[in-house]
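Peer 1: Sharing a structure here in structure tokens format.
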Amino acid sequence: MKLCTSQQFGVAVLFIVLNICSPLADASPIAWDFAVTLRDKILFVDNRWRTIGSAAHEFEELSALAFDEAEELIYFNDQQHQNGSIFSLRRDATVASHIVEQAVQRTGNDSVSGLAYDPLNRNLFWADMRQSKIYFASIDTLYTEPPKVLVDLSAEGGRPDGVAVDICRRQLYWTNCKINHATVERIGLNGTGRETIIKQDIDMPRGIVIDQLSDRIFWIDDKVGIFFALESARLDGSDRQLVLKDKHQSPIQLAITEDTIYWTDKADKAVWSYPKPAYNKPATNSSETQPQPTKLASWKDDVYGIVARTGFYQHLQKDAHCASVVRKVKQRLDNKLNNRTHERSAVEERMDALEREHCLNGASYMSRGNFCICPVGYKGARCEISECHNFCVHGTCEISDMGYPKCYCQEDFYGERCEYYKCNGHCLNDGHCLVDKESGELSCDCRENFTGTRCEHNETAHCASYCQHLKQHPDAFVPASCVDICEELHLSNGTIVTEYQAAAPLCADGPSSLRSGSVIIVLVVGIVSSLALVAVIVHGLRLIYKPKRPRIKKTFVVRKQARLNSASDTPLTNRPLATEQCEITIENCCNMNICETPCFDPKLVEQQFAARDRKSPCVKEDKKILIHNMEDDLLT
């Protein structure tokens, strides 16, 4: 009986190892770094923006996102769901599936634009743009309970959009995108102390996020026209700075990590990133160009919400404002684990031991979410990676109070990771670079015949002109630094002098030829310009004083009633004559080209031209003949 029990226990332990250690290593929820909402699903991606999973396929119109990093819960909104408005999603690593539960019941025609979560009081906050209100509700209560109103903007016509919770200082920030009265405001989580912190030079603010590492807020403003702006300020609205201004995008929501800002773009259906300004880091002496936004991923469907894993509980354990909040949240999680009152078998105890061994370096294991909370200075699914591992290239690494690696560089190197050599490219022409140990200043030990702070001057090439001039005029002045070089050139029997004569000619020859060439170019350009100006003036005068073509007017008589055919009328060609008559003036009939639109009888004109040519030809008689014949033809 004991042998059978031992075998069963061994099999159970093996089963536990395979089903706990492997899933935690391979299918842990820590595997994803970002989550974004498309129209009908939530995508989970890693830090290289490769899709590693998706969820919530049963929904049709997803929008806002919020993330509870303490319990690995995603909160999202569905605009089209009939019963629920906000839902929670938990990724189950053991069975590679997802559990979705309703968190807030739909109260009417809801339109959630922004969503935020407070892990201390376990409250959800969201902005309803259609009802112009900001609501909140506890996830510990039943989802059927109606939410409460924190801020009511309906009386002033406000349009709340993005919301963000400062969990350390217990404040709620939101953007109001009301046209011509847009603002960024904040209020205490208890509903007191509302104030407007940004109200100037702002058009349509959308997403907003709190950065606890720099104690600043970041928001995105969809400007009028084709531009948008990414701006930042301190938590009280002071020290406002423009981070980025770009165009041809429709930004919606924001997320932020240690060193990067992310936002969703509805126009390109994509996610973009931009480096976060280093507010709390010392500036390096390396010249860097202005970075450009980077498109990380794009999809066929519209993209709306985005959340990022920040490592909040690892990096803010020693922060002055956040330490107490982090401690209370961890204490609440530990109390949940200690409240298990059911009896535990030997297999369950062994399972707990394996779970504790799974998280390394003193990390805490969270059985509800199957993940590890790492201590300061470690990361990874099992907290197995030191933050200082291979971080500093030429220096010593230490973990700062914020939980980030910091490098102390060797005296010849600089940079955030000590990756830049101070002397790299400083000394020219094979000069040797020296670094002062006390001041850190750079100096160069130059080769022979090279001078300058960076060995940039070639004394041989510089003195060649003087030496050439000295050869022709022995009494000429030569700088003291060129005396030895000229003696060497003289001893070489003119070989080096001839070589440097082509490379560095005397100052009297080079500039004169250059000046003569410049004078010729200026003269040619001036003559051509003058001729062109004269041609333009002559052409203008011709257009002004050119005689106008004569305008010809003729008057014809038209009778109202036709008479009977007379003997002089020919069949099919007689024209009626009128007893009552009126005058019709035809103007400028024959001013057209006679070759294209003749208004004469060609045979008759030909006879007239033949008779005229036998006499003296006259151009002015042509129009008279044309009009005369046309008048006779019409009257007959």
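Each Cβ is built from the backbone N, Cα and C atoms, and glycine gets one as well.
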Peer 1: Choosing among C418, C427, C433, which residue does Swiss-Prot name as bonded to C423 by a disulfide?
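Peer 2: Matching partner in the record: C433.
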Peer 1: Could you identify, going by Swiss-Prot, the member of C427, C463 that forms a disulphide bond with C444?
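Peer 2: Swiss-Prot lists the disulfide between C444 and C427.
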Peer 1: Pick out which of C374, C388 Swiss-Prot lists as the disulfide partner of C383.
Peer 2: C374
Peer 1: Candidates are C446, C463. Which one does Swiss-Prot pair with C455 through a disulfide bond?
Peer 2: C446
Peer 1: Can you tell which of C372, C388 is bonded to C359 by a disulfide, based on Swiss-Prot?
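Peer 2: Cross-referencing Swiss-Prot, the cysteine bonded to C359 turns out to be C372.
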Peer 1: Using DSSP, how many residues of the domain 'EGF-like 2' (419-456) fall into helix, strand and coil, respectively?
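Peer 2: DSSP composition of the domain 'EGF-like 2' (419-456): 0 helix, 12 strand, 26 coil.
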Peer 1: Excluding near sequence neighbours, so keeping only residues 6 or more apart in the same chain, what lies with its CB under 8 A of C433 (disulfide bond)?
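Peer 2: Non-local contacts for C433 (disulfide bond): K422, C423, H426, C427, L442, S443, C444, D445.
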Peer 1: Spatial neighbours of C359 (disulfide bond) among the recorded positions N83, N109, C455, defined as Cα within 10 A: which are they?
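Peer 2: Correct set: empty; none qualify.
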Peer 1: What same-chain residues, at least 6 away in sequence, bring their CB to under 8 Å of the CB of N458 (N-linked glycosylation site)?
Peer 2: N429, N449, F450
Peer 1: Can you tell me the three-state DSSP label for N109 (N-linked glycosylation site)?
Peer 2: coil
Peer 1: Could you state the whole-number distance in Å separating the C-alpha atoms of N83 (N-linked glycosylation site) and N190 (N-linked glycosylation site)?
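Peer 2: Cα to Cα, N83 (N-linked glycosylation site) and N190 (N-linked glycosylation site) are separated by 28 Å.
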Peer 1: Measuring CA to CA, name the entry from the recorded positions N109, C446, C455 that ends up nearest C383 (disulfide bond).
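Peer 2: That would be N109, nearest by Cα distance.
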Peer 1: Let me check the 10 A CB neighbour count of C359 (disulfide bond). How many other CB atoms are there?
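Peer 2: The answer is 23.
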